[in-house]
Structures are given as C-alpha cells and as structure tokens.
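These features come from Swiss-Prot:
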- 28-39: compositional bias 'Basic and acidic residues' (COMPBIAS)
- 2: N-acetylalanine (MOD_RES)
- 18: phosphothreonine (MOD_RES)
- 56: phosphothreonine (MOD_RES)
- 182: phosphoserine (MOD_RES)
- 266: N6-acetyllysine (MOD_RES)
- 1-39: region 'Disordered' (REGION)
C-alpha cells in the first residue's frame, strides 16, 4: 500500500510478476533457433585450424610431431621473427616443407605458402633435410584465442614427446613492457627471455621480469610446454617498430650463439646481406607509388 497524498491510500504495483515475465522473455531471446544453430556451426567449421600436407594439400590424420620425430623445434611468430629465420637459418641449409596450417579469423586468412608476397599471412612447417628431426615453423598469421588450442593439438598432439627442445621467437611493442623507467629511455629494440621449468640451458639475454606477461600464441605454446614438462624458451623482442624492420630483425642475432640455433647458421655476414635484400624487396612492394 502507498499514499499519494494525505488521507488517500492506493495499491502499489507488484514487480514480482513483471520480473518473471522479463526473465521468460530473456530466456526466449536466448533460446537457439535451428537457423541460429546452423549459423554457429558454419562459423565453427570456418574457424577450424587445419594442418595440410605439402604435396597433396590433404589434412594430416595425426598431429605433425606425432607423424615426424622431433628433437629441436624453432617457432617464429610475427613478421620480424619470420624474416630473421628466413635470412639466417633457412638460407643456411636445405629445408623441406612438411605441412602448412590453414585458418581463418577476423584478423587474417592464411595463404598458400607457395608464391607468397611479403604481406600475405601464412603458417608453414619445415624440417632440415640433413637432420629431419630439426623442425622450424614460420607463422606470420594471427591465431585467435579460440584457435590456439586447436593449433597446439594439430602441431604437438594430445600427448607430446618430452625429449625435444622448443625455441619461440616473437615481438611486442615496447609500450607493453612494464618498468619503473620511462619506455622512451629504453634502448629499443631489446631482448628478454622466458623459459619453462625444464629448460636448463642459459638464455642469451636477461629474463623477463614480473609483472610483465606474454600474450597470444607464444604464451599458449610456452604454457603448453610448461604443463607437459617440455624444455622451452621464449625470446621476446621489444621494439618500437612492429612492421618489418631491419634493426628489429637484427636484434634477434644473439640467439644465434645459443645451443638451439648453433650449427644451423653457416655464414652470418652472407645471411645479413640476404636480410638486407629481403628488406629492400619488402619496401618496393609496400610502396604504392612504384
């Protein structure tokens, strides 16, 4: 009961029934129709990560590292890390492509790894012909959060071997680096490392300090290795230039002295020249006036 003015008594409306009706309407709105279900399933199929054979372009029945024995796996994620491996590692030996990942999301659509331009997104897997247990992944595409577990299962499998060593290379913008100093005073680019508990080799640079964190696919791979007790190290290059950049690529050079990459690079000066040619080609392709 409620009073509107002195002496008058009226009934106040009860909200109990109204709230029940609102909840029923919300439930009806949330109830999935057959059309909604079909759209959701189509989108889920479209977002599936597929690992294809190089020759036949058919899907692998088992994960990549279940099919091929692996002792060393180097993963480059992002354009600058990919350019580093292309110039310094892949040009120092004969590498054979064993597969490629096909995926689609809001940020990228992977292209075939043959006849690529420098702007196309791709994710290719290779092994060294002279030592097929040495694997390399070049991933220039964005793997969305809901696709990362799929990617890990397609590459490592549900019960991975522990007798291999993983090295991950990637970049982040220097503004993501948390420090008491001003980021403007930091000597960008610079390397930091983060490793799993089972990785016993020394890192070639300082370890990443708390409260800094890693993101996206590099974080997913490192977490996966930590859970499965696989020795793994992530080398993270903080830079103020996220596009393909010569100085940023060369910031990875200290990694060449590590056990992971030692012996894979034959001629550093020749590889540097190859890198410069790659950068020149990229600048020409990026110039809309040429």
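Using N, Cα and C of the backbone, Cβ positions are placed for all residues, glycine too.
The shown structure was predicted, so the numbers you read here are calculated from the model rather than taken from an experiment.
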Between residue 56 (phosphothreonine) and residue 266 (N6-acetyllysine): CA-CA distance (Å): 32
For residue 266 (N6-acetyllysine), the number of other Cβ atoms found within 10 Å of its own Cβ: 12
Inter-residue Cα distance where the pair is residue 56 (phosphothreonine) and the residue listed as 'phosphoserine', in Å: 52
Local backbone state of residue 56 (phosphothreonine), from DSSP in three classes: coil
Cβ packing number for residue 56 (phosphothreonine), 10 Å threshold: 7
